[in-house]
Amino acid sequence: MSKTLLQGGRVIDPANNIDSQLDVLVENGRISSIGNKLPILDGTDVIDCRDKLVLPGLIDTHGHVYQGVTGRFGLDPDMCGVHSGVTTLIDQGGPSCITLPGFRQHIVDRAKTRVLTYLSAYLVGGLEGHYYPELYRPACLDAEATIKSARSNPDLVRGLKAHAEIGGFARWGVDVMRIASRIGRETDLPLYIHFGQLWPKPQDGGLDVNPDCIFNQVVDMLKPGDILAHPFSRHPGGFVELNGKLHPMVSEAVARGLKVDVGHGSHFSFTTARIVLDAGVIPDTLGADMHGYNTSVPAPAGTPDSHPDEEDHLFKSKIRFSLVSAMTSMLALGLPLDHVVAMVTKNAARMAGMRDDLGTLTVGGVADISVLHDRRGRWVLRDNEGIQVTAERLLEPAFCLRAGERFAADSPLLPTFEAA
């Protein structure tokens, strides 16, 4: 019988209103006890967690891990999962109704990280990171097939993914969103919507689209619980209008019960974040949005060596990041630690439709636990617009337990930080 004692860490569990220095005992993959100065049983592996945060297993609500199928886009799930201190990943739109069986067999069943998905509304899923916009036109959606796939895989499919952005609207108007909205309603699953330009406008023809009008058209199609992504995007067509002010529809959308996920990625802008937060809009969840175009990974053999606009593409990134480094950015922006932890635990579990199973340190529950270094000092944070922010608190993953099994935070994808 395996036993692990996490000793003396600051245990924060928003779902159970816990924030205290405590011990956590894990036996046979489950949490068996939480308390002050728990007795050390024979054969127990004792891990000193003083000066560290002991949290429910972190949940990344925006991953891209369909490795081997989505070209350079898909990452190794365990490199941005357990080896980055994250116990659960939600892949956003990698698999489709066509490729979901392969996703289950080759990714979900093989990964040490728990992997779920928001199923792509498009037949092609996330092939090559959406580099080819014509694959995402209305004719490339099959509502009936996608509905059937989602209903047939309720353990894996926790929502749906679609895009509402200028390049698509200039080609097809709102047609794609109408189909995606229908799929979300008929499956009664949350629909996760990408905002902010993803594709370039068509060179010949196309509709004349005002990016500030996209948000209104889309929100009216959505239902409570649907998710608005990339509130801090540096690209037009999102939460911030061209005049630099919060879109007036955002607050109304939140009041209607729509949720907001950061979806950090290469879109993230400290300037936009400041505008949105100062206007009183606080995201519910925090997804990293790591993929092969915003990390340093080699292109799989046989995939395109390059694309014509590779260096200037809208989702290209020069700044490395992770889910935990995104937590540091949220702290630097002034969000309180308890809310930042809730974004990646309690709230993320709700987004996965698994609030009773994930995002908590409940005794008797599966021992998914993330342990983070909590450092004080001064570090430089940067975004892809070249903006620098000084962080006085730095979170870094130390290790995690996934169903009681320990994994070091040794992923080569993890960023390093420069002292200010």
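Note that Cβ sites are derived from N, Cα and C of the backbone, with glycine treated the same way.
Since this is a predicted model, take the numbers as computed values, not measurements.
According to TrEMBL, the protein carries these features:
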| type | residues | note |
| --- | --- | --- |
| BINDING | His62, His64, Lys161, Asp289 | Zn(2+) 1 binding site |
| BINDING | Lys161, His194, His230 | Zn(2+) 2 binding site |
| DOMAIN | 273-372 | domain 'Amidohydrolase-related' |
| MOD_RES | Lys161 | N6-carboxylysine |
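Mapped onto this structure are the features recorded in TrEMBL.
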residue: His62; record: Zn(2+) 1 binding site; Cβ contacts under 8 Å, 6 or more apart: Ile90, Gln92, Ala229, Asp261, Gly263, His264, Gly265, Gly287, Ala288, Asp289
residue: Lys161; record: Zn(2+) 1 binding site; Cβ contacts under 8 Å, 6 or more apart: Gln92, Gly93, Tyr118, Leu119, Ser120, Ala121, Leu191, Tyr192, His194
residue: His230; record: Zn(2+) 2 binding site; Cβ contacts under 8 Å, 6 or more apart: His194, Phe195, Gly196, Gly238, Phe239, Asp261, Val262, Gly263, Gly265, His267
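Mapped onto three states, the DSSP output places His194 (Zn(2+) 2 binding site) in strand. Other residues of the same chain near the Zn(2+) 1 site, with their Cβ within 8 Å of the Cβ centroid of His62, His64, Lys161, Asp289, are Gly63, Ile90, Asp91, Gln92, Gly93, Tyr118, Ala229, Gly263, Gly265, Gly287, His291. A 10 Å cutoff on Cβ-Cβ distances gives His64 (Zn(2+) 1 binding site) a total of 27 other Cβ atoms nearby, all chains included. Within 8 Å of the Cβ centroid of the Zn(2+) 2 site, not counting the listed residues Lys161, His194, His230, the chain contributes His62, Gln92, Gly93, Ala162, His163, Tyr192, Ile193, Phe195, Ala229, Gly263. In the predicted structure, the domain 'Amidohydrolase-related' (273-372) carries a mean pLDDT of 88.
In this structure, His64 (Zn(2+) 1 binding site) belongs to neither helix nor strand by DSSP; it is coil.
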